[in-house]
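Novice: Would you mind keeping the following structure in view while I ask a few things?
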Amino acid sequence: MYLTIWLVPLLAVGTWGQKFNRFCHYNSWALSRNPQHGLVPEDIDPFLCTHMILGFAEIDESGLRLKDPNHYQQQYLYQRIVRLRRINPRLNMILSVGGWDKSQEGYSKLVSSRENIIFFTKWIITYLRRHDFDGLDLDWEYPTFKGSPMVDKKKFVDLVENLAYEFDIEEIPDIKWKLTLTWTADPLESVRTSAYDIKGIASKVHYVNLKMYDFHGHWDDPLRVNHHSPLTSSNSPRNVNELAKTWVKAGVRIEKLILGIPFFGRSFTLKTANMSAPGSPAVGPGSDFGDGIPIHNLCHIIRGGTKELYLPEKKVPYIVSGSEWIGYDNPRSVMEKAQLVFNNALAGVMIYSLDMDDHHGTCGKKWPMMMAVIHGLNAYMEYIDSKHKSLELTYNKKILRARVSLRNYRRRNQQGKVAEMEQRIRNLEQELQQSMGNMAYERQQAQAMLNRGVSLPPIEQQSWSW
């Protein structure tokens, strides 16, 4: 089942030759979750995403530099996340600056003068290269809000223009590529019209990441239960489909547009427990106290017997447990959102955030949400092939190094070492041959599955019930 394409005049249905970007947020606090749900960089499958966004760095009080990570664990995190490229050399590493609670004072100070912008731009390029990042994400929440003066709307464009120019003219170091510049934006009209010069910014960045979530929450007034990330809706423009159209009409080219997909739910406490239909009055946040409930927690609630309900008009699920109402996404709904990207040849998706998926597989298979996104983008064979190419390359590098060592041992007439290295080479070649056989079988199985078609789960099927 495919969504109605909203860009019919521009595009044909289906873009099978296109590769879609998968930007995946990984936040530093993922390390501090309890052991059952914490996600360390070493446990990330580096082929799930095309870009990793590490959040969030903070601009210091001077507006000229980023603050140093405040403890050893965070300092070491840069190195650990970048090491994923040893397994997948094509994985791009993006550093995100800002976020909800780390934006306002630093950004306003940064753009307060032309001199600050020029200094910061030169400094950040050196910083990104030193820490082996491939790009920068600007997540200012938001110009002209929370004490930011109205002039910051224009000055943010000045910052973006300067960064884009310096990124473009940078003399690229050996084995490096040009730095990527992305902008993460709130798509809602209440922010969009006041905070952003959309054309001015979008024309200079490589990608525009739209946060297609948190459309509703405990901050609403009047407070009523509503899903925070509906795909469609007939009675409100606050839905992914309509907001994407709005931003395209505002001047964002579709090949730059990245749609955000949440891996968390938003909860409410119902005013009256037996009045739980969408739009019912609420008195505050639910058990998450406004922080959001990760999928790796929600899946246990559903597996425990709480009935999953579905909003067909909005194409998203919700649950009611006592007086708590939770709107969230499941594998079906994120697959439909990814299909919207595929069907309209948008640039890709932004996952917020990777550590909120069921990455340990405690409710079933590992990475259920991320795999649903990959299938929705018709990128599963790309995912499989990337893993296989990397494994083959790794073995060939090991064999090459072993052969170099073997030549050295022979030159030194170290017969014991020669015999040992010859055996190692035979073992590696045998392992490679076995791995190639396994990979061929895995690819065959994957292709057979795709030939049968990967359809959306039935609406009545409860997620994580298998």
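Every residue, even glycine, has its Cβ placed from backbone N, Cα and C.
For reference, Swiss-Prot lists these features for the protein:
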{"type": "ACT_SITE", "residues": "Glu141", "note": "active site, proton donor"}
{"type": "COILED", "residues": "395-447", "note": "coiled coil"}
{"type": "DISULFID", "residues": "Cys24-Cys49", "note": "disulfide bond"}
{"type": "DOMAIN", "residues": "20-380", "note": "domain 'GH18'"}
{"type": "SIGNAL", "residues": "1-17", "note": "signal peptide"}
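Relative to the rest of the structure, where do these features sit?
Specialist: Listed in sequence order, Gly98, Gly99, Trp100, Ser103, Gln104, Asp186 are the same-chain residues six or more apart from Glu141 (active site, proton donor) with CB atoms under 8 A from its CB.
Residues near Cys49 (disulfide bond) in space but far in sequence (CB under 8 A, at least 6 apart, same chain), listed by position: Arg22, Phe23, Cys24, Leu91, Ile351, Leu354, Met370.
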Novice: Is it possible to get the count of other C-beta atoms within 10 angstroms of the C-beta of Cys24 (disulfide bond)?
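Specialist: Excluding its own Cβ, Cys24 (disulfide bond) sees 24 Cβ atoms within 10 Å.
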